[in-house]
Amino acid sequence: MNILIKNGHVMDAGQQLDQVKDLYISQGKIAAIGDAPAGFTADHVLDASGKWVLPGLVDLCARLREPGSEYKATLLSELRAAMAGGVTSLACPPDTDPVLDEPGLVEMLKHRAKSHALAHVYPLGAVTRQLQGQLLTEMFALTSAGCVGFSQADAAIVDTQVLWRAFEYAATFGYTLFMRAEDPYLARNGVAHDGEVASRLGLKGIPVAAETIALQTMLHIAQATGVSLHIARVSTAESVALIRQAKQSGMTLTADVSIQHLHLTEMDIGFFDSLTRLTPPVRTQRDRDALRAGLLDGTLDAICSDHTPVDEDGKALPFAEAHPGASALELLLPLTLKWAAQARLSPAQALGKITQAPANILGVPAGNLQVGSSADVVIYDPQVEWRVDSQALVSQGKNTPFMHQPVTGKVAATLTNGVLVFQQEMLHLNN
Amino acid sequence: MYNPQLNAQGQLQHLLSIEGLPRRILTDILDTAENFVSVTEREVKKVPLLRGKTVCNIFFENSTRTRTTFEIAAKRLSADVLNLNVGTSSQSKGETILDTVNNLIAMHADMFVVRHQQSGAAHFIAQHVPPHISVINAGDGRHAHPTQGLLDVFTIRKYKPEMHNLRVAIVGDVLHSRVARSEIHALTTLGVPEIRVIAPRTLLPSGVEKLGVQVFHNMDEGLKDVDVIMMLRLQNERMSGALLPSTQEFFQTFGLTPERLASAKPDAIVMHPGPMNRGVEIDSAVADGKQSVILPQVTYGIAVRMAVMAILGGGNAA
């Protein structure tokens, strides 16, 4: 099957590609950009005039809710949402039920994801069994089963000796740990940033120090053990400063921020809007500005969706009882570009934060349009205006803090392995 | 700014929090309550303002005292009153807060008086009721207890009518106190120029000064020359979270004794939302002393709650 995507504005941060060109796909791979390869005849032509042609996005954190929480979302519903959002590769954290701490579960997930033939799913295995922070998982066996790294999701390893050994053990094999920094004692029962808004609303706060203290511990152990460490979902200005300092001192580590934290602050909680109940909590404008600055100067490497579908009942509760998380796969791309416009960054550069950079962190062959690589391609209409509502979202989780907001730009089509797996009906590609 | 408590005409639709309410609405409630004080002193303590209406007290968190004052207020307005202690019934059977509320809507209740252990619960319920139903927040988590805040400023206005010339101290567990938050908003809205909070650092929320208060950690300094002292209740469970070492030490450092009271102005009044812990936050000699207005607070509480219900119910003349 040969596909020609013609007249699109092709962008690829890795190749510094940023111009209108034709893109040729053959046998599921990128065959050429610009001139047709010898003997190429298109079976299928997609006219991308006025649209952008991008590498499929790579998401460092998307919860698919299977197994265990199928009432919130299913593998199929969320992989379809990923396609609608242009996310063709995603890492899923191990906080499913059961927890991804056994090779069999990982194999099953990989198998089921593959059978849908939508996004490439890269599981992150649990660092400790049941995420309980006590016993290490079989990281070698889990890697053989398909894990690309290890994570504790939102659970902490309280015992610093276990944390140290987990880092040492992972370092033995060169595995990457995807850790979120939060001291569980300082964060206990907290539901919002410990600051002005939480004080006013009478919500139990999570202080900045909860993240700073845990991060300092992790940085110290990472330095001592030499583990490949990725700090997931940074939320504070203090963390950005610490990571910047660590990188300047020569430490190799990477970090990401969620798309929610790049746009929201504690003020968005308003009158207890449970859609803004997130983990970690959204913080102050100062923190948000620091996160944005950290992305610009490379302190933070990538933006993730932190996609967490929650059912309606899970959000129809008083703020503190509402389930945390936001459905975000379908907003990652337009909201990243919105940030880029505000930060006066070219779209091509900004796209690196959701394509090339996360692919490098995961160590997976994705996030670029190199000739010969798998044809995971997104055709994006940068102009179309739409409004976020539950009808517009493919994900089973309609829980987004951006509900009812106007958004510019939408994915017109997504190809995985050279197969057209999603097409937005409104944005017809005259073929 | 959008305020979920007001309708399109700027009238009170729900009473969820003092914060964000314009001064005219607070004054209107206090003036209306003024009229109801005389009703409560009459031999026949009833007016027909809410005749035929059903007021439903939904208490997800038990509180006999607050529920009783709302019940008396509603009955004096001739409303039918329904009491529901959800804490002990439906919720323990797994019914959600919305299920409970929808059931009561189906029974054609006109007004909900809601208490819940979670901050924001009253806002949540107000968002889910049809427009003809009013919600009164009778305490949500640490967030707000607006009728308590109103009855407190009503009491202050009775004894110290020159609100724009007062120095008020709020003493004790501000961190967990919905009463303190409502008091602070009521006082600032009514133009009280100096509000102090006095507490150990473990019992103050972060950034409390952004609410417009001055922070003191020493009773003698904080009480110096104040006109009004508003004590807060210290819950016993505060000891378990390492917030305080003991009630004894709290009394030694932040308890209101006759000696400490002497730092305040000689005619200062002492208030407490009840129930009091004698010997923990307040000395009996002060609680029962001549500067105490703690019992008048309770009496005025009924008039203020009648005023709120009457205004929400559509009539505001006694």
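Using the three backbone atoms N, Cα and C, a Cβ is placed for every residue, glycine included.
Bear in mind that the values here come from a model prediction, so they are computed numbers and not experimental data.
The annotation carbamoyl phosphate binding site is assigned in TrEMBL to B:Arg65, B:Thr66, B:Arg115, B:His145, B:Gln148, B:Gly274, B:Pro275. Per TrEMBL, L-aspartate binding site is recorded for B:Lys93, B:Arg178, B:Arg233. Among the features that TrEMBL reports, domain 'Aspartate/ornithine carbamoyltransferase carbamoyl-P binding' is placed at B:13-157. Residues or ranges marked as domain 'Aspartate/ornithine carbamoyltransferase Asp/Orn-binding' by TrEMBL: B:165-311.
Taking Cβ-Cβ distances under 8 Å and a sequence separation of 6 or more, the neighbours of B:Arg233 (L-aspartate binding site) in its chain are B:Gly172, B:Asp173, B:Ser177, B:Val179, B:His272, B:Pro273, B:Gly274, B:Pro275, B:Met276, B:Asn277, B:Glu281.
Non-local neighbourhood of B:Arg65 (carbamoyl phosphate binding site): B:Gly274, B:Pro275, each in the same chain, at least six residues away, with C-beta under 8 Å from its C-beta. In three-state terms derived from DSSP, B:Arg115 (carbamoyl phosphate binding site) belongs to an extended strand segment.
Summarising the carbamoyl phosphate site geometry, the residues cited as binding it (B:Arg65, B:Thr66, B:Arg115, B:His145, B:Gln148, B:Gly274, B:Pro275) extend over a maximum Cα to Cα distance of 16 Å. Comparing the Cα of B:Arg178 (L-aspartate binding site) with the Cα of every entry in B:Thr66, B:Arg115, B:His145, B:Gln148, these being the binding-site residues, the smallest distance points to B:His145. Least packed by the Cβ count within 10 Å, out of the binding-site residues B:Gly274, B:Pro275, is B:Pro275. Using the Cβ center of B:Arg65, B:Thr66, B:Arg115, B:His145, B:Gln148, B:Gly274, B:Pro275 for carbamoyl phosphate, the list of other same-chain residues with Cβ within 8 Å runs, in sequence order, B:Ser63, B:Thr69, B:Ala138, B:Gly139, B:Val179, B:Pro273. Remark: B:Arg115 (carbamoyl phosphate binding site) has B:Ile58, B:Phe59, B:Phe60, B:Glu61, B:Ser63, B:Thr66, B:Arg67, B:Asn137, B:Ala138, B:Gly139, B:Asp140 as non-local neighbours, by Cβ distance under 8 Å and separation of at least 6 in sequence.
Taking the Cβ of B:His145 (carbamoyl phosphate binding site) as reference, residues of its chain lying under 8 Å away and at least six apart in sequence are, in sequence order, B:Asn137, B:Ala138, B:Gly139, B:Arg178, B:Val179, B:Arg181, B:Ser182, B:Pro273. According to DSSP, B:Thr66 (carbamoyl phosphate binding site) sits within a helical segment. Broken down by DSSP into helix, strand and coil, the domain 'Aspartate/ornithine carbamoyltransferase carbamoyl-P binding' (B:13-157) contains 68 helix, 27 strand, 50 coil. Per-residue pLDDT, averaged across the domain 'Aspartate/ornithine carbamoyltransferase Asp/Orn-binding' (B:165-311), gives 96.
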